[in-house]
Amino acid sequence: MSANGGIGYWSSAMPPTVRDATRVAAAPTTAETRERAPRFSGDEDMSTESDARIPRYLGAAFIFQFATSLTAGLLSGSILAGSPSEVLTNISGAAARMQISLLLFLLTSVGIIVMTSLLYVVLGDQNRPVARVALGLWMAEAVMLAVKTLGLYGLVDLSSGRINAGTSDASRETIASLTLDFSDHAGTIDMLFFCFGALLWYSLLLRSRSVPRPISAWGLVAVFPVLAATVLLLWDNSRDLGFALYALYIPFELVLGLWLLIKGASVSSPHPDSAAAPNIFHGEQQEVRQEKQH
């Protein structure tokens, strides 16, 4: 009997349970297959280059949403000032400028979503639960900004006569007043989500040391006056707090964005085991090369 025939004979003679157990024991598991798969330096280089670009993408997102939000605020600020009837008159006289500002508000909302997603990629390993809460808060900020913008779109329709509010000017003023209040309250809630999210993100940024600590500390400190102004507006929406409480924070996002875009960031991982990973990969690559040579 040949060796192959003998193996076939004894395999067929085994009980089915024993044969199945033998096959399971002999078959390599998925984890073993992955561990045995060779890893090449080119794959590591591509992954490293991709990781190095993410902070620069984050910097570009900071600059983008800073530019869109600031421009939208400057374009719409004078239009939305005054009584409801004055606001409707202002919108009807500067409809194109108002439409541009609304588009910029929506682009700001999109920019916040992109920026928040990239922040989670860069800072998520510092503290995963905190990063998830911060992610949810800034996503809620983006949603509330879009809701605020929808309210302003209602004012545009009302000023152009597309909404039939009746022949009475009083009814038009009433609808305009309600729409303005709705938009203002949505904007205040939007800022509340921003402030709490910013406190968490900038705490993680300070911990990560991915940018100079004075920049991270600047952002963390500058959020508190904005939070105080937001709480006061929630208490009384008619308060005019002026520019002072926001002045410290406004240039921060531009400075942080420029730093990340130009310098990039090197995030220090809080997990000590991650430092050993490159050595393990390097050892596996050496074993693969030695096997190829033999």
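Glycine is treated like the rest: Cβ placed from N, Cα and C.
Annotation source TrEMBL lists region 'Disordered' at 21-48.
The compositional bias 'Low complexity' annotation in TrEMBL covers 21-31.
Feature annotation from TrEMBL assigns compositional bias 'Basic and acidic residues' to 32-42.
Annotated transmembrane segment per TrEMBL: 57-80 (among others), in sequence order.
For 100-123 (among others), the entry in TrEMBL reads transmembrane segment.
The list of residues near the transmembrane segment (135-156) in space but at least 6 beyond its ends in sequence, with Cβ under 8 angstroms from a Cβ of it, reads 76, 80, 87-88, 91, 95, 98-99, 102, 105-106, 108-110, 112-113, 115-117, 119-120, 163, 176, 179-180, 182-183, 186-187, 189-191, 193-194, 196-197, 200-201. The transmembrane segment annotation in TrEMBL covers 135-156 (among others).
Outside the transmembrane segment (186-205) by six or more residues, the chain places 116, 119, 123, 126-127, 130-131, 133-134, 137-138, 140-141, 144-145, 147-148, 151, 211, 216, 219-220, 223, 226-227, 230-231, 233-234, 237 with a CB less than 8 A from a CB of the stretch. If you look up TrEMBL, you'll see 186-205 (among others) marked as transmembrane segment.
The annotation transmembrane segment is assigned in TrEMBL to 217-235 (among others).
Here the transmembrane segment (241-262) has long-range neighbours at 55-56, 58-63, 65-66, 70, 211-212, 215, 218-219, 221-223, 225-226, 228-229, 232-233, meaning same-chain residues at least 6 beyond its ends whose C-beta is under 8 angstroms from one of its own. If you look up TrEMBL, you'll see 241-262 (among others) marked as transmembrane segment.
Within the chain carrying the transmembrane segment (100-123), a Cβ under 8 angstroms from the stretch's Cβ atoms is held by residues 54-55, 57-58, 61-62, 64-65, 68-69, 71-73, 75-76, 79, 131-132, 134-135, 138-139, 141-143, 145-146, 148-149, 152-153, 156, 197, 201, 204-205, 208, 210, 265, 267, all 6 or more beyond its ends.
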